[in-house]
Amino acid sequence: MPKICILGSGSWGTAQALLLSSKEFQVILWGRIEDGVDSLQQDRENRRFLPGIRLSDTIVATSDLARALKGADIVVMAVPSQSLREVLEKARPYLGKDSCLVNTAKGLEISSGMRMSQVVEDVLGKQSRERYAVLSGPSHAEEVARNIPTAITVASYHKENAFLVQDLYMTPFFRVYTNPDVAGVELGGALKNIIALGTGIASGLGYGDNTQAALLTRGLHEIIRMGEAMGGEARTFSGLSGIGDLVVTCSSRHSRNRQAGILIGQGYSLEETLKQIAMVVEGAHTIRVVHRLACQLRIDMPICTACYNVLYANRKARDEVDDLMRRQKKHEIEEIVKRKKGW
């Protein structure tokens, strides 16, 4: 029976603890704030992030990193993307050399522009690549914790790791597919948050379903362009970790990025919005990296650029939407036009 350590006691870390403990695995849930972890351990409930859901008695919650990682066969990283490096550096002395590393964070590191697998390799060394996997897809913690049917993707450089994680997580309510495209799966999870901010902004401005559908669809084109430039496979973005996660993040009431966008569209500043959400909004960080990379690589990302301008360049959201609608006319899918000779 494997021992599983989950780093991160937020909503997603807690939901994964519930899922894995339902299979009678030994699960330790680590959180950095001692008072919060003590409350989890004593009350058997994550009142801040998943109120009303009882934790299994077999889940052990602790703020002691050494205790959490001791003897762990599987280490699940469920901390915010901007915290991953710091947590890994603290965890490194206690990590087993053969532990499988499962990342569930969705973002890009602001300072380096790295994907999460690259951050892991940078901190733990190249050998960590051999045991790394990323789990991503449309999986709001609020639904996973309540056993609402969910499907998701695991990617790894080595199929044995992917199969291991697939078997680990599969339940009658949680289906896991495998994919060898680590970069694509990571990028789909990171980039969709920007588009969700955009659809939220449109909703906050009072625009309807047509506008949001257009932003989602054209946003997918931007995700594919940037994703391919950063090493992902185009087909991956048509899967669960791509369009699947994009759809749920752009449309769900559980989506922090969409909710943040709505508030910004209603006129709140980014600072006011983040304070009101009171949880990590990954898209607000990822957009800074993507805007920088788009400029460096000269990749056309009009929706992402518009969102960046609203969040960080003091532009009015309605003006950015107007500018998007007035862009130079073009074909919808250039690749099809190129194949149609004489069109």
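Glycine is no exception: its Cβ is also placed from the backbone N, Cα and C atoms.
Per Swiss-Prot, these features apply:
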BINDING   S11, W12, R32, K106, A141, R256, V280, E282  NADPH binding site
BINDING   K106, G137, S139, K192, D245, S255, R256, N257  sn-glycerol 3-phosphate binding site
ACT_SITE  K192  active site, proton acceptor
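In this structure the C-alpha atoms belonging to R32 (NADPH binding site) and S255 (sn-glycerol 3-phosphate binding site) are separated by 24 Å. The Cβ of N257 (sn-glycerol 3-phosphate binding site) has 28 neighbouring Cβ atoms from other residues within 10 Å, across all protein chains displayed. Figure note: comparing Cβ neighbours within 10 Å for the binding-site residues R32, K106, K192, the maximum is reached by K192. Within the set of binding-site residues G137, K192, D245, N257, the entry lying nearest in space to E282 (NADPH binding site) is N257 (CA atoms). Around R256 (NADPH binding site), the same-chain residues six or more apart in sequence whose CB sits under 8 Å from its CB are I277, M279, V280, V281, E282, listed in sequence order. The most densely surrounded of the binding-site residues A141, V280, judged by C-beta neighbours within 10 angstroms, is A141. Of all the binding-site residues listed here (S11, W12, K106, A141), K106 has the Cα closest to the Cα of N257 (sn-glycerol 3-phosphate binding site). All protein chains considered, the CB of S11 (NADPH binding site) has 22 other CB atoms within 10 Å. Nearest in space to W12 (NADPH binding site), taking C-alpha to C-alpha distance over the binding-site residues G137, S139, K192, S255, is S139. In this structure, the C-alpha atom of G137 (sn-glycerol 3-phosphate binding site) lies 10 angstrom from that of K106 (NADPH binding site).
Taking only the Cα positions, the spacing between K192 (sn-glycerol 3-phosphate binding site) and K106 (NADPH binding site) is 9 angstrom.
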